[in-house]
Structure formats: structure tokens, C-alpha cells
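Peer 1: This is the structure I want to talk about, given as C-alpha cells.
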Amino acid sequence: MYVLKNGQVLNASGELENKDVLIQNGKVNLIADSIEVTSGEEFDATGKLIAPGFIDVHVHLREPGGEHKETILTGTQAAARGGYTTICSMPNTKPVPDSKEVMESLQAKIKETAKVRVLPYASITTSLGTDELVDFEALKEAGAFAFTDDGVGVQLAGTMYEAMKRAAALDMAIVAHCEDNSLIYGGVVHDGIFAEKEGLKGIPNIAESVQIARDVLLAEAAGCHYHVCHISTKESVRVVRDAKRAGIRVTAEVSPHHLILDEEAIPGNDGNWKMNPPLRSKEDRAALLEGLLDGTIDFIATDHAPHAAEEKNVPMEQAAFGIVGLETAFPLLYTHFVKTKEWTLKQLIDWMTVKPAECFKLPYGKLEEGSVADIVVLDLEKEANIDPATFYSKGKNTPFVGETCIGWPVATFSEGTLVYNEGEIK
């Protein structure tokens, strides 16, 4: 049992109120002006924000098969430090969770080592990136969160349509990395001014938007919840906006780096700036920000993609795609958008908590009496530099090295258990 004393909570209007919070038996038992500590532990939250634990539906934990990049343990330690209490792990592992047996093995490993809640995806196709569909029903029974071939797009419309019909029958979501392989052209960055300046092959916007346009029509026909991963282009935003207006059940996420950076920020041919989708144009970034504010884009997800140093500290042509994000998402977004008054604090918290929970019908993401005690304590005055040497993640691959941010998670509770406190994993 914990009593969080003298903290602040956001009310429904987005105003800060001074409150104490009682955690008992893994639940939020009481939120009140003052709670007397008669047993359990007192946690001093003076001057700090007590918020729901963050939810990230797009995380690469790499285990099994990629333990040199990340493990379930290190990835969930990173999540705890970043204030995340629920993360959803992508299936581009070896082996792929494409069968009941592999999924059950993965679930056992999660139960054994994870520091926060991990909800694993199953793949859409066997081995991921094929045209043979998995056994959707068996994988749902084994605990799959949803179905995705993230890392690659499902190339054949017929394969995707059949997958959507099967998912819809089970009331499960299809989550899509949208990329038409015939339109990538071997690109390593956005097909724009940086690619031209550096003489690099570029990935055009249409590689993403064409597949989203196809998929929203398939989702409409199948009656399926279709979720777009890491949306990155103005055309994609337009397609999703039109689909929502048409009543199609489509949701979308955007990553912090696509909101903060564009291709003009890339300093040179450095693999730590290589990600998929790539950093796009200024116009694309503006469309993402507009789409998030008008509800076209539903929430924020990190696409945390750790790699070993030797896979990133090379030119872009040789580097792996992806950057880490779990430990830096909140401070970056708070600094860039809340401190600058572009967003309210409530908007940011909602996009990291209740919005993803609502999209995927998760019973998390709220701080209220009776809710699961997934809680992050945030020091909105704390100022620190982003230093990969302090990361719990094995991946140190971030383009934000050295950036000064204000507003950091200082403690995280997962189902009432203190898992991170003042720089230390419990």
C-alpha cells in the first residue's frame, strides 16, 4: 500500500488540483484532498504531477532472437523509466509469434522478466511478410493483443482483405506498417531535399499513402478495425481523415520524432537519423501536427526500435532502420509542445494514455478511484539532457543526444508496485 502525498492531478477540465492518492491491492483506492497515512508507505509527490501510466502500442522488444539489441527485461526497464506501464510488443522477432506455441512461450518469458505490462502482437502472416495467414483464432486464445506484420507492409490486397475478415470475426484489430514494396526504390531516407543533397535513394510519400488508401477500403468492406502505424505523410493524413468522415473504423498513431523533426534537421549521413518511415518534409510534419489536433490521428506511439551500436554508427546506406523512444518521449513532447503552449498538458497526457486505451478497448489509461494503479509521477520542472549512457534500453540509437528537456518521469507504479523511482529500477 502507498499513499502519494501532496501531488497534483489533472481534472476533466485540464486544471491541476492538489490531491493525495491511495494505492491498495493494485488499485487506486482513493483520491482526496488529504489522506492520513496509517499503514503502508508514504510517497512524497510534493509539487509533482500524478498521472495515468503511459501506454505505447508500438514497441520493439527484439526478444526472442535479437537479444543483442534489446530484451524483454531491458525494454520494460526502459518503459518504466519513461513512465510507460503498458507496452505492446511487435512480432518481428525470431521466431515470429505466428503460432500458438511461440505465443505461449513469449507470454511465459514476459511473465518471468517484464517490469511492466507487455501485450504481444501476433503476426498477420506466417514468418511475417509472406502470403500465408496465421491461425487467428488460436493466437487470440493464446493472448495476442492484435495482428500486425510491422516492419513490412502486407503486399497483396487479397491477403490483407482475408486477414481483415478473420480479425473482424474475432473483434480484433489489424495494425499496419503501410509500405508498398514496389514504391520503395531501395530508399534509405525521404525522397526530398536531404536525399538529393547527399545523393541517397529516397522513399517517396506514396509508398505509404497508397497502401493506406487501399487498406481503408478493404477495412470498410471487411468491417474491421484498421490501425495505421507511424503515419508520416500529408497524403496519408488526408486519406485517414476522409476515411473517418466516411465512417470507416480506422485509427492512426504518430511517433514523437515525426512530430518534432523533419528532413531539414538531419545533420548529415548518420545512421542514427535513419528510421522507417523516414523524417519527411516540413509540409508533412505540419500535416501530422494538424491531424493530431483535429483528431484524424488518434494518439502518440514511440515505435521504440533499439539496435546495437555497430548497426547504427555507420552511414545510412548500411544502417538499420529505427530509433529508441521509450525513455525520452514525454520530456521531448512536453518540452517541444506544452512548454511552447502549442498543446495543453491534458492533450499530451491523453494522447499517451486514455486515447490509445480507448482505441484498443484497454481497461487502462485513467487515474480514478477503482482504476488499476498504473501511475507515473512527473516532475514538470526537472531539467536534464538526453544522455544515452543513462538509458536502460540496450539501444542507444537516438537523434536527440544532448538535447535539454524539461519535464521528466521520476517514479512509475505498475499495478500498484513501485517499479521505478528517482533513477532506479526496483
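Residue positions begin at 1 at the first shown residue.
Cβ from N, Cα, C; glycine included.
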Peer 1: For the Zn(2+) 2 site that Swiss-Prot describes with Asp150, His230, which of these is also annotated: His177, His257?
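Peer 2: Record source Swiss-Prot; matching candidate: His177.
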Peer 1: Same substrate site as His60, Leu61, Arg62, Asn92, His307, Phe321, Gly322 according to Swiss-Prot: which of Asn29, Asn276?
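Peer 2: The record-listed residue among the candidates is Asn276.
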Peer 1: Name the residue, out of Asp303, Asp350, Asp374, that Swiss-Prot lists for the same Zn(2+) 1 site as His58, His60, Asp150, please.
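Peer 2: Answer per Swiss-Prot: Asp303.
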Peer 1: Mind giving me a neighbour count for Phe321 (substrate binding site)? Other Cβ atoms within 10 Å of its Cβ, every protein chain shown.
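Peer 2: Around Phe321 (substrate binding site), other Cβ atoms within 10 Å: 18.
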Peer 1: Rounded to a whole angstrom, what is the C-alpha distance between His58 (Zn(2+) 1 binding site) and Asn92 (substrate binding site)?
Peer 2: 12
Peer 1: Which of these binding-site residues is closest to Leu61 (substrate binding site) if you go by CA atoms: Asp150, His177, His230, Asp303?
Peer 2: Asp303
Peer 1: Mind giving me a neighbour count for His60 (Zn(2+) 1 binding site)? Other Cβ atoms within 10 Å of its Cβ, every protein chain shown.
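Peer 2: Total other Cβ atoms inside 10 Å, all chains included: 26.
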Peer 1: As a test of the contact definition, list every same-chain residue at least 6 positions from Arg62 (substrate binding site) whose Cβ is closer than 8 Å to its Cβ.
Peer 2: Lys69, Glu70, Thr71, Gly75, Thr93, Pro306
